[in-house]
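Novice: Pasting in a structure now, in structure tokens, and then I'll have a few things to ask.
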Amino acid sequence: MRISKTWIRSIWIPIIAVFLGLLVGAIIMLLSGFNPIQDYANMFMGAVGTPNAIGEVLRTATPLILTGCGFAIANSAGFFNIGVAGQALLGWVGAVSFALWFPDLPRIIMLPGAIIAGVICGAIWSGIAGVLRAFFGTSEVITTIMLNYVALYGTNAFVKGVLAKGDNDYSPTVPTAARLRTPFLENLTQNSTFHYGLIIAIIAAIFLWWLMRKTTLGYEIRAVGMNPDGARYAGMSDKKTIILSMLISGAFCGLGGAVDGLGNYENIIVNDAMPSIGYDGMSVSLLAGGSAIGIIFAAVLFGLLKIGGLNISIMSNTPSEIVDIVIAAVIFFVGAQYIIRYALNTSARRQAARNASKVTASTAAAAGVASGPGDAEADQPRAGEIPPRKRGQKQSKVEQPDHHDEHDGEA
């Protein structure tokens, strides 16, 4: 199996971005008077040192996989879906509301029903931006940002006015039949909040890969993203593709919110800001370059940084904001990956130039050896042949016999 250089480079760029982010964090730690080696060791042990820590890392990564997949679909179609957080919030509210409104349903119906409700809410919310883009040309960046605020304040009003009891800022806990956490997983991971949502997230990532690589719809989404005019000329409906891509994107984001709500919170609260799983999911997708499999690993990396960062402040009194700086630096270098790509391309061109000069030198040397004794013999004139004229030498006239002398002798 031959691995292309493009594929290798697509792996190296996020790795270099992560390394540069960690390097920036280490420099800031040094300037602040902390030991970066010790702090990073504490971070690592805080993330994988115990079963509880591993469970929390996987729990943190679970919704990021789903929101990352949602952002990747829209990005493949050429759209920047800033509304990932709002769509995840709608999915969270939809799933919890379904579970609270139908508390007597059996688990086999309640859990899928709550998840599907969250998926539908997320899809509808992103579909609004898709319709506005397809029929009116409205920028999805502007509409999704505005819809985020509508989602935040609208869901807060809904929670306080409909779901919460009394003056509480949170809803009741969902029934046991709607929860993704189980006693088995809690005992396995020493009472962590790890839940079965990770299985759903992995299946969703595999589905994304299949959708984008093995189906006609996935091909059309990528074609519209790469060249909308060319896709339209080829007979593809760009309006249909725009709307479908945004609907699917919102469905994945709503699934992320539903899984986080049923697995982590098990209720819905009044939020002061947008859920972090939205913007972190966007960062995960950018770090993975939109790759479905890469999103899984990038989400786990973010889980390691977030959970491990909590251990830094406990073990060495280093502010946990240092970890936020590291994550921000990683995101910066991923967003500015053209710098890394430029450096790699420059290095490749220089290496190619050096190889070309070596080939030229070896060719010239081989030509010199080939023009040795054998060529000297070849330059000798044959019998009766006039030797070739050298550069700068005038050709001498051929001497003719003197007929006057012959006549004089006869006389």
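Yeah, the Cβs are placed from backbone N, Cα and C, and that goes for glycine too.
All annotation found in TrEMBL is predicted automatically rather than curated by experts.
OK, TrEMBL features for this one:
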COMPBIAS  396-411  compositional bias 'Basic and acidic residues'
REGION    365-411  region 'Disordered'
TRANSMEM  12-34  transmembrane segment
TRANSMEM  79-102  transmembrane segment
TRANSMEM  114-136  transmembrane segment
TRANSMEM  193-212  transmembrane segment
TRANSMEM  242-262  transmembrane segment
TRANSMEM  282-305  transmembrane segment
TRANSMEM  325-344  transmembrane segment
Novice: Mind pulling out the one from 12-34, 79-102, 114-136, 193-212, 242-262 with the most Cβ pairs under 8 angstroms to the transmembrane segment (282-305)?
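Specialist: The stretch with the most contacts is 193-212.
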Novice: Do any residues, 6 or more residues outside the transmembrane segment (114-136), come within under 8 Å Cβ-to-Cβ of it, and if so which ones?
Specialist: 70, 74, 79, 81, 83, 86-88, 90-99, 143-144, 147, 151, 174, 178, 200, 238-240, 242-259, 261-262
Novice: Under 8 Å, at least 3 Cβ pairs, sequence separation 6 or more: does that hold for the transmembrane segment (193-212) versus the transmembrane segment (79-102)?
Specialist: no
Novice: The transmembrane segment (12-34): which same-chain residues, six or more beyond its ends, come within Cβ distance under 8 Å?
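Specialist: Those are 40, 287-289, 294, 298, 301, 316, 318, 322-323, 325-334, 337, 340-341, 344, in sequence order.
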Novice: List, by number or range, the same-chain residues at least 6 past the transmembrane segment (79-102) whose CB is under 8 A from its CB atoms?
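Specialist: Contacts with the transmembrane segment (79-102): 63, 67, 70-71, 110, 113-115, 117-122, 124-126, 129, 133, 140-141, 143-145, 147-152, 155, 158-159, 163, 171-172, 174-175, 177-178, 225, 242, 245-246, 249-250, 253-258, 260-262, 265, 267-268, 271, 274-279, 281-282.
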